[in-house]
Amino acid sequence: MAAYSWWRQPSWMVDNKRSRMTPNLPWLLSALTLLHLTMHANGLKRGVQDLKCTTNNMRVWDCTWPAPLGVSPGTVKDICIKDRFHSCHPLETTNVKIPALSPGDHEVTINYLNGFQSKFTLNEKDVSLIPETPEILDLSADFFTSSLLLKWNDRGSALPHPSNATWEIKVLQNPRTEPVALVLLNTMLSGKDTVQHWNWTSDLPLQCATHSVSIRWHIDSPHFSGYKEWSDWSPLKNISWIRNTETNVFPQDKVVLAGSNMTICCMSPTKVLSGQIGNTLRPLIHLYGQTVAIHILNIPVSENSGTNIIFITDDDVYGTVVFAGYPPDVPQKLSCETHDLKEIICSWNPGRITGLVGPRNTEYTLFESISGKSAVFHRIEGLTNETYRLGVQMHPGQEIHNFTLTGRNPLGQAQSAVVINVTERVAPHDPTSLKVKDINSTVVTFSWYLPGNFTKINLLCQIEICKANSKKEVRNATIRGAEDSTYHVAVDKLNPYTAYTFRVRCSSKTFWKWSRWSDEKRHLTTEATPSKGPDTWREWSSDGKNLIVYWKPLPINEANGKILSYNVSCSLNEETQSVLEIFDPQHRAEIQLSKNDYIISVVARNSAGSSPPSKIASMEIPNDDITVEQAVGLGNRIFLTWRHDPNMTCDYVIKWCNSSRSEPCLLDWRKVPSNSTETVIESDQFQPGVRYNFYLYGCTNQGYQLLRSIIGYVEELAPIVAPNFTVEDTSADSILVKWDDIPVEELRGFLRGYLFYFQKGERDTPKTRSLEPHHSDIKLKNITDISQKTLRIADLQGKTSYHLVLRAYTHGGLGPEKSMFVVTKENSVGLIIAILIPVAVAVIVGVVTSILCYRKREWIKETFYPDIPNPENCKALQFQKSVCEGSNALKTLEMNPCTPNNVEVLESRSIVPKIEDTEIISPVAERPGERSEVDPENHVVVSYCPPIIEEEITNPAADEVGGASQVVYIDVQSMYQPQAKAEEEQDVDPVVVAGYKPQMRLPISPAVEDTAAEDEEGKTAGYRPQANVNTWNLVSPDSPRSTDSNNEVVSFGSPCSINSRQFLIPPKDEDSPKSNGGGWSFTNFFQNKPND
């Protein structure tokens, strides 16, 4: 927008003041003028910005603006719109209503009385479309369904063009201020006033609270480009329930959708303590005062009696019943048909069970739109999901019918439709009143009654014919329809004297469905003459004088009636010799005839007449080239084959009988055509395990001739008895057994062989109670030659018990076993050999032993009986009498205290074998300090009691030896010397080699040593003492004198003293050489000594 203004002053005002102007007056006037213009311009600018135009019908714009600064609102003169007819409109205030302007910019000028002007540029885009506040015409409530129905006028006539309207509806529940429902609803304004409706169902029963509704709307017109805004909310419209009953719980007997949520309230004068659905407690919701509610989520399908809801107060109990279920399902498989073209029956499946019964059950209405006829079906019995049926009477002459089936219950409705041509949907009723009338023995008339008006269609009927032991036969018949009529059909090709069962069903010729089968009608046709003669056979008696004639009863389809008797005649050269009448049920005749060739005739007779004769020759052509064959069948049948014989012109006859029966053997026979070469004999009389004889006869002009003779079984079984066998002969190494044949009746099959088991065993031992072939110690013999009746078992042991078992077998299996225990005879030659061999071996061993003992007698004597030396001849105990006897100073048995010294025994490296050192353990404890200085591997510290010697020896070397308290053994020589080689004997000291080496050598002078050597050299053959006798002390080493002696040279003791430390007998040494001449060995037993 653009605006401008100006200010003019009257000239008289200028003239009056001109005389009073001072020099500063022009400047002051200019400043005031500029200030006035600035303030006016700001006021005009604000007025342009605050101009607002609205419209509520797009026909008239309502514009308002604030007056400029310094201008009174009442000084508006007019408003002018440029380029518009009647462009100026007088005004008195700052508000004007002008007709809607065309799209585009328009210049608007506002003139004031004081001369001011305001100019604006106005466009439709700057105008706001704000509809008038809507008015609610009516608000009603359905308290049973808790529904509100709202009505209002949309005022569509006020708008110049059709427009879309959006309505916003707000529902409040007192005392709550928040809306419980806020819904948008779209409608079309058509240019005329229309009353709009809106329905809303409350979760809370309307009885429980006051409900208020308010609406507003919004217009969306494509012909208006300005702003579109919501109208103001309409005034609230309230609705409340006026309590006129004593009911306290709402809703009452409500029908709800299963799985939905619902709220139930209780308006009680006293405090409500609890609320529950069924037996389940629910939390209470306080609404206002004493009014409470409970909320139920996902309510299940109710039982037939509904679901109980109870509120308990201090002094009473209140409640209601809720019925939860489903709306009707769409009717399924809707089909319509007619049974009699008078009434149409429609059937359907109701689908899902609604769960509602009684007055809330689904009601079905079948409406035919062409005729306008309808029928109602209301099932109240139960909840079964069965097929429903509903009938509608047909309109005469109407064939096309359009049916609509509607199902309704309190929760909703569903529909299904079908269009049919009724003449193509005919399923007649069941035929009734069946009748059968004979025309002759093979043709009858069958009739039935069928209700219905079928004059315009043809009927297709099926007649089912059934006779005993035969397949059912169905015949079709097309019949011209009639109204409630009896229909007749001729049934031919029947058998005489046969019981039949008839029944019928019908449909239309175009076929929709068959009717159900009628009841059965039984009928027996009349008799006729037999169509064939009896099947005949003959056998000569065992004495050959009488001919026995056999015949089989005629089957029903050939007898054509009840056979009363049979006429049997024989003729010779076409002259009848005799005639016999045999009454039924006898089927054999015996005639005495000669050996001539007679022709036997048999004729069957019933009430209608006689059959053609059956003829058979009495003579049989002999055949000597006959061999007996074997055959095995399967189940209750046996298969026989033969070669074609061109000489056979009539037929073949197979006769069979039980082989155990006496002659004449006849069980049954069968005739087959002459061109056949095989047949299967089957009979219910065949039994498994029974042998039958089969005879094949061929027929020629001269008579019958036996062609083959066969024995066989229809099924082989195992024998029922074991072969009876005995022992014929027994030897030391063999047994001969013999057995008998098994009777045919007990064999029950063709004998294939015998199984013979045997093993060692005694009677009544667990091992031999039964023999199994898989045991390794059991021997088996399979005898396949059935003519063999003996068996010799060889390679047996003498005088041994054997267990023998014999079993027969066929293809049907093994028969039972027959067992026997047999002991073989004793073998005399073996017994003699068993005695002689041990005797001979004993004699040989005795002779060899005697020879060896004689040759080794000296060695045996030395080994087992050595010479025991006489102790009196031992010089080891012969001592010098001067030493051991006659001295009072020698106290041999005197016990004196002994102070032990430690003796270290060191191992010396000797070139000769040594005696193993012996460790002597002292009773005195060892000193740890002294032991640590000596290597434990090279020496042993022992306790030693040195004897005290009073004799003094002046050898200075002895001071070192005798004065030490520790005595060290360097070596202990054995009393036996090692064997020296020949070349080494010259270098050995004769004294050392000749005799015993003492344990210790006492120091002596050279002169004494030489003298001693000479003396010892001559005494090498005798015993050498262990010590020098000259050094022996005559007193006990433990005597006080010996203890106090200062003599440092001492002896180890005397052999006569109990305190001696000398080794009289050397210990065993593993390293010492062993003697090779003595001792026991097996090789020495066979060697001779040099002196032997």
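Note that the numbers count up from 1, one per residue, in the order the chain is shown.
Backbone N, Cα and C define each Cβ position, glycine as well.
Around the Cβ of N199 (N-linked glycosylation site), the number of neighbouring Cβ atoms within 10 Å comes to 11. As annotated by Swiss-Prot, N-linked glycosylation site applies to N199 (among others), with the evidence given as experimental evidence.
Taking all protein chains in view, 12 other C-beta atoms sit within 10 angstroms of the C-beta of N238 (N-linked glycosylation site). According to Swiss-Prot, the feature N-linked glycosylation site maps to N238 (among others).
In the three-state DSSP assignment, the secondary structure recorded for N261 (N-linked glycosylation site) is coil. Sequence-distant contacts (6 or more apart, same chain, Cβ under 8 Å) of N261 (N-linked glycosylation site) comprise D203, H295, I296, L297, N298, I299. As annotated by Swiss-Prot, N-linked glycosylation site applies to N261 (among others).
Feature annotation from Swiss-Prot assigns N-linked glycosylation site to N385 (among others).
Per Swiss-Prot, the feature N-linked glycosylation site maps to N402 (among others). Every protein chain shown contributes to the tally, and the Cβ of N402 (N-linked glycosylation site) ends up with 13 other Cβ atoms within 10 Å.
In the three-state DSSP classification, N421 (N-linked glycosylation site) falls within a strand. Counting every protein chain shown, 10 other Cβ atoms lie within 10 Å of the Cβ of N421 (N-linked glycosylation site). The feature N-linked glycosylation site is assigned by Swiss-Prot to N421 (among others), with experimental evidence given as support.
DSSP gives N440 (N-linked glycosylation site) a coil state; it is part of no helix or strand. Sequence-distant neighbours of N440 (N-linked glycosylation site) (same chain, 6+ apart, CB under 8 A from its CB) are T526. Look at Swiss-Prot and you will find N440 (among others) tagged as N-linked glycosylation site, backed by experimental evidence.
Within the same chain, residues at least 6 positions away in sequence whose Cβ sits under 8 Å from that of N453 (N-linked glycosylation site) are D340, L341, K342, E483, D484. For the recorded site, N453 (N-linked glycosylation site), the DSSP three-state label reads strand. What Swiss-Prot records for N453 (among others) is N-linked glycosylation site, and it gives experimental evidence as the kind of evidence.
Counting only same-chain residues at least 6 apart in sequence, those with a Cβ under 8 Å from the Cβ of N476 (N-linked glycosylation site) are L460, C461, Q462, I463. Residues annotated as N-linked glycosylation site in Swiss-Prot: N476 (among others).
Sequence-distant contacts (6 or more apart, same chain, Cβ under 8 Å) of N567 (N-linked glycosylation site) comprise V579, L580, E581, I582, S601, V602, V603, R605, S610. Annotation comment: Swiss-Prot describes N567 (among others) as N-linked glycosylation site.
The annotation N-linked glycosylation site is assigned in Swiss-Prot to N724 (among others). Using a 10 Å radius centred on the Cβ of N724 (N-linked glycosylation site) and all shown protein chains, the other Cβ atoms total 12.
Within 10 Å of the C-beta of N782 (N-linked glycosylation site) we count 11 further C-beta atoms, all protein chains included. What Swiss-Prot records for N782 (among others) is N-linked glycosylation site, and it gives sequence analysis as the kind of evidence.
Under the heading phosphoserine, Swiss-Prot lists S922 (among others).
The feature phosphoserine is assigned by Swiss-Prot to S1039 (among others).
Look at Swiss-Prot and you will find 854-1092 tagged as topological domain 'Cytoplasmic'.
Residues annotated as transmembrane segment in Swiss-Prot: 829-853.
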Candidates N238, N402, N724, namely the glycosylation sites, that fall within 10 Å of N421 (N-linked glycosylation site) by Cα distance: N402
DSSP-derived class (H/G/I helix, E/B strand, else coil) of N724 (N-linked glycosylation site): coil
Cα distance (Å, whole number) from N199 (N-linked glycosylation site) to N402 (N-linked glycosylation site): 34
Glycosylation sites near N782 (N-linked glycosylation site) (Cα-Cα within 10 Å), from N199, N238, N724: none
In three-state DSSP terms, the structure that N567 (N-linked glycosylation site) belongs to: strand
Alpha-carbon spacing, N199 (N-linked glycosylation site) to N238 (N-linked glycosylation site), which is rounded to whole Å: 15
Integer Å distance between the CA atoms belonging to N724 (N-linked glycosylation site) and N238 (N-linked glycosylation site): 120
